[in-house]
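Quick look at what TrEMBL lists:
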| type | residues | note |
| --- | --- | --- |
| TRANSMEM | 7-31 | transmembrane segment |
| TRANSMEM | 37-56 | transmembrane segment |
| TRANSMEM | 68-93 | transmembrane segment |
| DOMAIN | 119-207 | domain 'CAAX prenyl protease 2/Lysostaphin resistance protein A-like' |
| TRANSMEM | 121-139 | transmembrane segment |
| TRANSMEM | 151-169 | transmembrane segment |
| TRANSMEM | 175-191 | transmembrane segment |
Amino acid sequence: MSLRYWLVIVTFIAVQLLGGLLALPLMAFGFSWDTATTTAIIISFTIGLIVIWFLIRKEPDPLRSKQAPLNAGLSILLVIGGFFVALIAQVVIIEFQSSVLGIQPESENTELILDIMSENIWMIVTVALIGPIIEEIVFRQAIFGHLYRKMNFFWAGLISSVIFAVIHLDFSHMLVYMVLGFLFAYLYALSKRIIVPILAHVLMNAFASLPVLLGIDPEDVEQMEESLQMITGLLGALIP
């Protein structure tokens, strides 16, 4: 891995720390804790994206050394297909965790983010756009991409997906993040274009942000999730 890709990972870590550090001086200017924290996250992620783009703009893609990327048309189909597979995978895994492992389907991490977004509309841009771009560059291009050059897909995907899951600090739903990590890694490995998992990830996060954008009551969202879980359960019973 080149020095610039190592710096990308360091920048990602710095972004996580900077969000907390910036909140303190903002409070000194009269911001409330919630407003200061939200503003600090937006600023840190925006700065992080600019720095990461500057670091990799001239770096070669680690997966393009031996094989040409997929054409644009098929890449678009992969983005759309990957988005729907990601949604279905989440429902299936959450249903499995709920019925077999007894884990509550509600994710505290997701609920916290939705609450923050409802207070500051700019957080939607951070969660639905900036966050996925940074995460895909870090976990898929920098980590998975370089591991995949030295080992098979399974082990490269597993290592990068575990790190991806742990960094979200939602340990009861680690399986969800790991499967999503594998899916995005597969999209990247198949297309040889980092933009493919980025767009699939953006669509997934944007879809999750719709309740805030459309002003849908959280209870209605919960009912829709339960309906999806019931449909998935019926399909699982019908399909041998």
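Every residue gets a Cβ built from N, Cα and C, even glycine.
Note that the structure is a prediction, hence the values are computed from the model and not measured.
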- Distant-in-sequence neighbours of the transmembrane segment (175-191), which means Cβ under 8 A and at least six residues beyond its ends: 63, 69-70, 74-75, 78-79, 82, 85-86, 89-90, 93-94, 97, 107, 136, 139-141, 144-145, 148, 153, 156-158, 160-162, 164-165, 168, 197, 200-201, 204
- Query: Do at least three C-beta pairs under 8 angstroms join the transmembrane segment (7-31) to the transmembrane segment (121-139), pairs 6 or more apart in sequence?
  - Reply: yes
- Which range out of 68-93, 121-139, 151-169 gives the transmembrane segment (37-56) the most CB pairs under 8 Å? 121-139
- Item | Secondary structure tally of the domain 'CAAX prenyl protease 2/Lysostaphin resistance protein A-like' (119-207) (DSSP, helix then strand then coil) | 77 helix, 0 strand, 12 coil
